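*Asks:* Structure below; questions to follow.
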Amino acid sequence: MTLRGCAVGSRLEVCRVTGGRRHRRRLIELGFVRGAVLSVIGRGTMGGLVLALGDSRIAVDSFTAETLLVKPAHV
Amino acid sequence: MSERPLTRLVLEKPCCDADLPGVDEGHARVALVGNPNVGKSTLFNVLTGARQRVGNWPGKTVSVARGTWRTPAGEMTLIDLPGTYSLLPDSPDEALTRDLLVDRGMDDRPDVVVLTLDCSNLARNLYLLAQVMETGVPIVVALTMVDIAESRGIRVDVGRFAELIGAPVVPVVPRQNRGLDALRDAVEGALAARRPPGEPDLGEDVEAVLAEVTAFLPADALLRYPERWLATALLTGETVPGVPDETGARARAAGAGLLAGDDTDDLDDLDDLEIVVAEQRYAWAHRLIAETVHRKGDVRATVSDRVDRALTSRWAGLPIFFLVMWGVFILTTKIAAPLQTGLQDLIDGPVSTGAAHALRGMSAPAWLSGLVLNGIIAGVGQLLSFVPLMAIMFVLLSVLEDSGYMARAAFVVDRLMRLIGLPGRAFLPLVVGFGCNVPALAGTRILSDRRHRLLTGLLIPFVSCSARLTVYVLVAGVFFGSQAGTVVFAMYVLSIVLVVGMGLLLRGTLFRGMSYEPLVLDLPPYRLPTLRVIGTQTWQKLWAFLRTASGLIVATVTAVWLLASVPAGGGQGGFGRTPIEHSLFGSTARVVAPAFEPAGFGDWHPSAALITGFVAKEAVVSTVAQTYSMGKPADEHRAGSLGPALRQTFERTSHGHKIPAVLAFMVFLLAYTPCMTTVAAQRAELGGRMTLFGIGMQLVVAWLLAVAVFQIGAMFL
């Protein structure tokens with residue numbers, strides 16, 4: 001599933017980053033690599049999400065959320 | 001987890017640069033490299049104090065601050081490179097940092113890199129560290145945000161850290177001057193030793209491929225680039241100048257096995273090699289963290305998170321954002337206004353009177369006192385009157401940026417601004433533009449992408465500033481009576497329509513290549529901005545503005561004075577005594593006037609007003625009065641005897657359609673060049689060519705709109 005529909009409070013594991021090479025590269029630089037665990041901590045206007053990835057807080061728009069394939073984290 | 005060592009120390013390797021040309025004998029060069037928002041520039045400011053200058057890197061469009069770091073042992077040149085998350089170049093900023101670290105053909109390469117790492121967010125920072133270590137440049141790690149990390153129960157074993165990466169590590173708190181001496185010692189030690197750091201271990205499989213690739217790297221490329229960096233870059237599909245494409249293809253082919261060995265089918269393309277290597281760098285970072293970082297407890301929701309829940313929320317986010325923008329607008333207009341008037345009065349009053357007195361005392365010739373009083377002093381006065389406004393703007397920018405709110409604001413209005421192809425942050429300079437375009441242009445610096453800065457900088461002059469308001473009020477009062485308020489309001493609506501319309505137009509033409517950039521935004525933790533940081537930043541920006549703008553403004557003001565003083569074609573009166581109508585200024589206005597005939601105001605009075613309006617909109621009202629040989633009306637909002645005179649002029653030039661003609665005049669006034677100070681600020685922010693383009697574009701848009709308003713309006717009114 002993609003991150004787009006995920007509810008606030010869910011903990012998820014990154015499976016894959018899709019999208020253009022440049023876009024993928026930016027996400028990977030910020031730590032969105034396979035196996036990384038993130039949680040959705042807020043929801044903004046028009047489908048934007050605020051994520052906690054390790055110690056980082058990262059805001060993404062709905063387009064970016066769509067490019068992040070995730071599964072529920074078991075931790 | 002594997003038993004492999006975390007890094008391979010390469011002590012025996014001689015350092016790269018010692019005997020290469022291009023390293024001069026002067027100051028040692030130390031470059032600051034790090035992620036954005038890790039306190040890198042704060043460290044730079046504290047180390048260099050006032051001894052710094054900001055400018056484009058030679059031959060690049062990347063702005064870099066350079067300064068002198070004085071230590072008891074001598075002086076070093078400190079270079080503050082743009083913040084970056086990686087050395088993979090996606091922007092000119094990142095390319096510059098990468099080239100300086102890896103390309104031995106570059107001039108002014110750093111001798112030592114100080115890598116600023118945010119201790120409260122280590123994983124991502126270590127990813128950059130891994131890449132910098134691969135370049136083999138001697139490094140010193142400065143750990144920042146130690147206080148924030150401690151407050152979250154994060155403690156770093158500095159000694160172990162240094163041991164594992166093979167480079168010195170120094171915790172610093174620049175705002176409190178903590179750790180700076182230790183940093184200095186470490187840098188001086190690194191300069192003397194010139195020892196490359198360790199090489200991060202990327203796991204058995206990747207290391208095997210890297211060894212294979214290293215074996216066939218061309219010898220000439222190895223003279224130019226560090227070996228390990230080159231092997232990794234080629235494996236991940238980067239094109240490296242001076243390396244044949246076949247070598248790159250061969251490196252990628254060697255890596256194909258890494259993808260085949262993957263147990264999922266997620267990775268199939270050779271492009272994915274970049275992901276494999278990135279994952280290994282992150283794996284290295286997490287191993288390093290496991291060995292050196294101790295966490296007490298599990299602090300999930302920090303104070304920052306709780307604040308964010310309100311500030312970025314779906315319901316409160318936008319209202320709070322508009323409230324903050326309103327606050328910025330009020331502060332840049334209401335607070336600055338009295339200071340601005342005060343300064344202007346001081347210049348017009350005591351300073352001018354004093355100077356006039358002194359000039360008379362020296363029995364200076366009329367042309368000299370004219371030049372000094374109406375040229376230089378008036379010009380400097382106009383420049384100075386903008387200083388409070390600019391200072392307030394720069395302070396607010398610093399506060400918003402330093403506190404961490406700017407990143408949230410960008411997230412909140414992102415969608416809205418996308419309509420005209422700009423990111424959310426561009427909202428702030430546009431709002432400020434309603435107060436004054438000059439600080440608004442300075443505000444474009446919050447945009448990191450150069451094309452976004454250019455587009456915003458070209459749109460700002462269409463935002464109707466408060467100086468234009470004084471003219472609207474006067475003209476609308478004369479022609480529309482009780483409807484004046486509605487007309488003025490319509491000008492503001494038109495201004496917004498122009499910004500959106502021109503934004504769409506430019507985006508579809510000149511800025512066509514500007515692709516949709518999805519929003520991925522790091523939100524730094526909220527922090528209280530410190531006076532020291534804000535003060536230094538404000539002063540630097542203000543000084544840079546004064547330096548670039550002063551010449552242009554004084555020159556233009558002087559030129560207008562000169563034109564108004566010189567009698568045209570043997571007219572009556574001598575220099576400085578001729579009535580304005582018969583001066584060169586008057587005749588210039590007459591030459592320009594026919595251009596406005598299709599817009600219904602082809603007369604020298606309005607043309608003269610528009611010419612001074614080019615210099616400053618504040619001067620328009622007094623010029624109009626002057627051309628009718630009347631004093632400036634005591635109350636700018638009441639036209640007095642100016643009213644009938646103006647009405648008569650427009651009645652005549654428009655052949656009875658004075659309402660559309662006066663609307664056309666107001667529209668032209670809205671859309672053409674706001675003032676000379678704006679032009680100077682545009683030149684400082686966008687460069688000369690774009691500024692000229694902007695002036696041309698505005699004149700064309702203003703003229704076309706004015707003609708359209710009159711021609712269409714004349715059919716009905």
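Cβ atoms here come from the backbone N, Cα and C positions, even for glycine.
Annotations per TrEMBL:
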| type | residues | note |
| --- | --- | --- |
| DOMAIN | B:27-193 | domain 'FeoB-type G' |
| TRANSMEM | B:315-337 | transmembrane segment |
| TRANSMEM | B:383-400 | transmembrane segment |
| TRANSMEM | B:454-480 | transmembrane segment |
| TRANSMEM | B:486-506 | transmembrane segment |
| TRANSMEM | B:542-564 | transmembrane segment |
| TRANSMEM | B:659-680 | transmembrane segment |
| TRANSMEM | B:692-716 | transmembrane segment |
*Asks:* Are there residues at least 6 beyond the ends of the transmembrane segment (B:315-337) whose Cβ is under 8 Å from a Cβ of it, and what are they?
*Replies:* 388-389, 392-393, 396, 400, 405, 408-409, 412-413, 427-428, 431-432, 434-436, 439, 466
*Asks:* Compute the average pLDDT of the predicted model within the domain 'FeoB-type G' (B:27-193).
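*Replies:* Looking only at the domain 'FeoB-type G' (B:27-193), pLDDT averages out to 88.
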*Asks:* In the same chain, which residue numbers or ranges, 6 or more beyond the ends of the transmembrane segment (B:659-680), come under 8 angstroms Cβ to Cβ?
*Replies:* 382-383, 386, 437-438, 441, 460-462, 464-465, 467-468, 471-472, 475-476, 479, 487, 491, 494-495, 498, 548-549, 552-553, 556-557, 596, 599-601, 606, 610, 613-618, 620, 650, 653, 691, 695, 698-699, 701-703, 705-707, 709-710, 712-714, 716-717
*Asks:* Counting only CB pairs under 8 A, let me know which of B:383-400, B:454-480, B:542-564, B:692-716 has the most with the transmembrane segment (B:486-506).
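*Replies:* Between the stretches B:383-400, B:454-480, B:542-564, B:692-716, B:454-480 has the largest tally.
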*Asks:* Need a quick answer: max count of Cβ pairs under 8 Å to the transmembrane segment (B:454-480), which of B:383-400, B:542-564, B:692-716 is it?
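*Replies:* Of the candidates B:383-400, B:542-564, B:692-716, B:692-716 scores highest.
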*Asks:* Give residue numbers and ranges for long-range contacts of the transmembrane segment (B:692-716): same chain, 6 or more residues beyond its ends, CB-CB under 8 A.
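*Replies:* For the transmembrane segment (B:692-716), the list is 457-458, 461-462, 498, 502, 595-596, 598-601, 654, 657, 659-661, 663-665, 667-668, 670-673, 679, 682, 686.
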*Asks:* Could you tell me what the rest of the chain brings near the transmembrane segment (B:542-564), counting residues at least six beyond its ends with Cβ under 8 Å?
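*Replies:* Distant Cβ neighbours of the transmembrane segment (B:542-564) are 54, 370-371, 374-376, 378-380, 382-383, 387, 390-391, 394, 442, 580, 583-586, 588, 611-612, 615, 676-677, 679-681, 683-684.
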